[in-house]
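**Student:** Here it is: the structure, laid out below.
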């Protein structure tokens, strides 16, 4: 049994001459414990994401060209409604703005949902878990150098699949999970990082993304058709195209935009329809994981072998919950430290994995090389640095070590105030659990189940 | 000695002696399923059967949450028609089952694990990666078994 080498047990065991025993153990660590505002998890989130609305909205750090995408859609649709609709309503039918309106609303809503939804980010492993895995891999003296890449093989539906170890998140990635370097997160069922929506596309928001591109294709095609009809009608009677364009300049703009976008968007929709029908991700398709390139007999182990079922499972399956619990409370921690030190990789910059998938050949629009559009100051939460964790010992603070700040946020539920149950199910008050921790008879384990049950965490030795 | 420390020594906030992590079982694909292999560290504390039953029930519950069937398709199609805005107001089937799982774990902790100095952590708190079982040192004076 490994015991905590650090003082955490001491304050309890020894009569440290503090008149008021701090309800938390870490009184040796620096800061005094005046009740601070309990922080939520999104504030110390280690990935490169930005949060708005108190953690309800999540976007990638680089918003990519999302403003451009939104702008193009709004401008084109706006011009359509202003210039083309009046004419077409008069000469054709008034259904046109209705259909256009519905499509437009669909497009904008699904775009925003794709951009603002957690794509399926996997929270990083807690220090204890990471240590456990390290133990299993039997690696010693790994503090100074990076061990060779580790893989684990599993058999899924009679297919051998290699699971890779993610050095940043300190865990073996589940199948189909990939680490996005732009967002610095492992994302489940990672499809690709889309600069146009400014977010990764993964398990949770793939259906939004698919609906977005499909409805966008319809919208673009619809507008294109309407504009063409409009101009054709205007140019009737020998008046000529130029005349028509002069009368309705907005249509010219729309024509250009739609003409260039409709092919790429239609192409993208077609490609993703193929992916959905075969239950593949862009990532897998590009890497050729299941196409038998290596000469072996490989098939996609995740496919249900039936197009209909594949489509249903990808698009209409149950919506998985967000695993990162952005709005949960952090237990306010004090002595964060050491827990993570020996697992802590000094430089976070080490990332082994692929991530941004350029759909170069296929998806003409998706290109990871687009320079990220602006990066205006993020109004809230720069979640990455450890400075949001003021109580962690300064030594560790210098290096933004997300696991640590996550760890320090999550582990030592010592203080009187932090809510010790970041669990989404019970946001019970910390004080109660604090006292519970102190006076807990052996059986009263009714502390809200949390990653940092105060009693456990107080003594959390590093294994 | 201070009263507090004295009483602390008495009641002895149980020290964590170690944690066991039950990893995911990916043999059936990406669905949430945990390995039922009985870890050796628990041998002294728990019955193998009890453990397997807990894990198996958890697996079944997760399977229920992720099940593809008429009801989930209906929910999905309806969501699609409303541009997925119903997700903002409605609690999904998955979330309902997660609550059920939380209740089950609490129940198991109270009845079976706590009396043996163990504590199950809800996997959702660990990103559905592991089932964490905390083993407490059994040095309490008059408690537990």
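Glycine residues also receive a Cβ, built from the backbone N, Cα and C atoms like all the rest.
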**Student:** Which stretch, out of A:156-181, A:182-207, A:208-233, A:286-311, is listed as transmembrane segment by TrEMBL?
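**Tutor:** Transmembrane segment, as annotated by TrEMBL, spans A:208-233.
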**Student:** Per TrEMBL, which of A:128-152, A:253-277, A:328-352, A:353-377 is transmembrane segment?
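**Tutor:** Within the set A:128-152, A:253-277, A:328-352, A:353-377, TrEMBL attaches transmembrane segment to A:253-277.
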**Student:** Same chain, outside the transmembrane segment (A:253-277) by at least 6, Cβ under 8 Å from its Cβ: which residues?
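**Tutor:** Those are 72, 75-76, 79-80, 83-84, 191, 209-210, 213-214, 216-217, 220-221, 223-224, 227-228, 231, 285, 307, 310-311, 314-315, 359, 362-366, in sequence order.
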**Student:** Taking all residues of the domain 'Palmitoyltransferase DHHC' (A:162-287) together, what is their mean pLDDT?
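**Tutor:** That region's mean pLDDT is 89.
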**Student:** Where else in the chain does the transmembrane segment (A:89-112) make close Cβ contacts, counting only residues six or more beyond its ends and a cut-off under 8 Å?
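**Tutor:** For the transmembrane segment (A:89-112), the list is 69-70, 73-74, 77, 80-81, 197, 208-209, 211-212, 215-216, 218-219, 222-223, 226, 229, 233.
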**Student:** Determine how many residues of the domain 'Palmitoyltransferase DHHC' (A:162-287) DSSP places in helix, in strand and in coil.
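**Tutor:** DSSP composition of the domain 'Palmitoyltransferase DHHC' (A:162-287): 71 helix, 19 strand, 36 coil.
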**Student:** Residues of the same chain, at least six outside the transmembrane segment (A:65-83), with any C-beta under 8 angstroms of its C-beta?
**Tutor:** 59, 97, 100-101, 104, 107-108, 111, 115, 195-199, 216, 219-220, 223, 226-227, 230, 248-251, 253-254, 257-258, 261, 370, 373-374
